[in-house]
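K.L.:
Below: one structure in structure tokens.
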Amino acid sequence: MKVLWAVLAFAFLTGCRADVEPQLEPEVREPPKWQAGQPWELALGRFWDYLRWVQTLSDQVQEELLSSQVTQELTVLMEETMKEVKAYKAELEEQLGPMKEETQARLSKELQAAQARLGADMEDVRTRLAQYRSEVHTMLGQSTEELRARLSSHLRKMRKRLLRDAEDLQKRLAVYRAGVQEGAERGVSAIRERLGPLMEQGRLRANTVSALAVQPLQERAQAWGERLRGRLQEVGSQARDRLDEVREQVEEVRAKVEEQATQMRLQAEAFQARLQSWFEPLVKDVQRQWAELVEKVQAAVGTSAAPVSSENH
């Protein structure tokens, strides 16, 4: 009996523990990589890859999210995508033959709806990132882990929605193109002649779009180079100004030294003249007295020499 009660108690406790354990969040599978072929698909692929990079929420991403850099980049990519979609639709309507107006109106309406959904979802991504930036600025240095978690979850869901929108738009474009081709009563040779330029235009547009993708990086590098060149010119100008200032100071010092040297030379000449005026009379007086003394000695010697000579004779 005790064993039975023990088994029942264990089962009861196990069931309670199972009830209070939190339900794990289901693992979200990464959507497959977007397959691109047409120019609008390539443009959407760049938007997709950029959004994948933003979703990593790396240090660089978080730093650029605090500014308007990310939203500006997304705006450019979004505008390029919608522009390419409109251009591709216009090319289909221009290059391929007519169809029934009723069918064309229906397909065009469905295509516009799919295009609008894609644009709205891309706009939602940009709005959500702008909202995240505003919320981070409001936190004033507090922890933003919860905000980043919500943003990551939202971006993951938005990427799924964008993938569904893109696939739906891709299918409707294919249907639209097929409907146009079915309505056009042309031979295989005529289709080949018409589609050849269209495919060439698509290839050229794809190359142009790929070049435009590199253009922002080139513009950034050129802007950085211009800023560096401007800074170097500014430093060089400051150095030249400082050198000119030092040169002027040296010239001023040299002029002052020359002026002082001239004054000292003039003072020395004046002092020399003054000394000469002082000692010249004294020198002349000494010379005169010396000459008189010599004359007296010579006279005395001559007088004493004369009697001695006479005595010898």
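Each Cβ is built from the backbone N, Cα and C atoms, and glycine gets one as well.
Since we're looking at a predicted model, the values are computed, not measured.
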K.L.:
Could you check which of 14-26, 53-65, 274-286 is flagged in Swiss-Prot as region 'Specificity for association with VLDL'?
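P.N.:
Checked against Swiss-Prot: region 'Specificity for association with VLDL' maps to 274-286.
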K.L.:
Can you tell me how many other Cβ atoms are located within 10 Å of the Cβ belonging to R231 (heparin binding site)?
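P.N.:
The answer is 10.
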K.L.:
Taking DSSP as the reference, which of helix, strand or coil describes M158 (heparin binding site)?
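P.N.:
Assignment for M158 (heparin binding site) reads helix.
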K.L.:
Among the binding-site residues listed here, K160, R227, R229, which has the most company in the form of other Cβ atoms within 10 Å of its Cβ?
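P.N.:
Comparing the binding-site residues K160, R227, R229, the most crowded Cβ belongs to K160.
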K.L.:
At a 10 Å cut-off from the C-beta of G225 (heparin binding site), count the other C-beta atoms across all protein chains.
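P.N.:
The Cβ of G225 (heparin binding site) has 10 Cβ neighbours within 10 Å.
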K.L.:
What are the helix, strand and coil residue counts for the region 'Specificity for association with VLDL' (274-286) according to DSSP?
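P.N.:
Residue counts for the region 'Specificity for association with VLDL' (274-286) by secondary structure: 13 helix, 0 strand, 0 coil.
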K.L.:
If you count Cβ atoms within 10 Å of the Cβ of M158 (heparin binding site), leaving out that atom itself, what do you get?
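P.N.:
Taking all protein chains shown, M158 (heparin binding site) has 17 Cβ neighbours within 10 Å.
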